[in-house]
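Some features that TrEMBL has for this protein:
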type	residues	note
BINDING	C220, C281, C282	Zn(2+) binding site
COMPBIAS	311-321	compositional bias 'Low complexity'
DOMAIN	1-296	domain 'Hcy-binding'
REGION	297-321	region 'Disordered'
Amino acid sequence: MTTLAEALAARPVVLDGGLSTELESRGHDVTSALWSARLLRDDPGAIAAAHAAFAAAGAQVATTASYQATFPGFAAAGIDAAQARTLMTRSVQLAREGAPEGWVAASVGPYGAYLADGSEYTGGYADDVTVHQLREFHRPRLQVLADAGPDVLACETLPAAAEVEALLAELDDLGVPAWLSLTAVVDPAGVPRTRRGELLADVLAMTRDVDAVIAVGVNCTDPAGVPAAVRVAAAASGTPVVAYPNSGEAWDAVARRWTGQAGVGDVTGWLTAGARLIGGCCRVRPDDVRAVADAVRQLSRRGPGPRPADRPAGSGPAAAR
């Protein structure tokens, strides 16, 4: 099978959508601190079925139910280390089962996801933990997920430079390529920034000399900010760009409901801005992914979009993975 890096060099690739959203829509409770990872133990068949639904809609990459899967998170739920390893490995197996013809991306959520306090959308914990501590937190599950045999590690919803630095320091020894995706905002001046407030360009420039990184970009963000973020990501990193924003709806905490217009946004605009790996995050369902896949097919008939600037000689994912 062609590697994901090889595919991205040749054409745009379609990601899946919000796995937890799809599970919730099918009647499953994903409100615990483990989020969709709870179903790795309690109803694995439901996860495989959700993967299959996205694949049937045109997704070429299945993202595992391991975003919230960490050793301390499982321990807090009464799950010991041995079972935690089994469940993390199972997340990759279920993605293969549900989407056997695609690539599998093992989801690696941020430290803030483990805290389950919404801080992955602020990066505030970067004041309280060091890069060394973040490396210690991520290392065990990175190794388990890498050993499970995914095609790529999806280090996603990262809100701060410190966490990017920590993950980059751990990736090279794993033998599995990765993408890094930040949750970002566009400031009033039109400049993309991390949720922590750092310049997105500066943070993604950190990835230029890391051969394990095959794509960088943004996720779990407003679709309106995607074109600006994609252009910055392509210029800063020199790698293919990943973009999988939320549906565009906003959560009204007072009324306790989603408001605004649902939809994946201007997919053609993302592609023409330079995105190569495209899908959706929260509130993005199989029908939305089908619209993404249709847009990718239509644009592909007209010819490829812009390509990211080449990395410096001797760096980047030139070797087939």
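The backbone N, Cα and C atoms fix where each Cβ goes, and this holds for glycine too.
As the structure is a computational prediction, the values presented were derived from the model and not from experiment.
Same-chain residues with CB within 8 A of the center of the C220, C281, C282 CB atoms, the Zn(2+) site residues themselves not counted, are G18, T157, T183, N219, T221, Y244, P245, N246, G280, R283, V284. Neighbour counts of Cβ atoms within 10 Å were compared for the binding-site residues C220, C281, C282, and the top value is held by C281. The average per-residue pLDDT of the prediction over the domain 'Hcy-binding' (1-296) is 94, rounded to a whole number.
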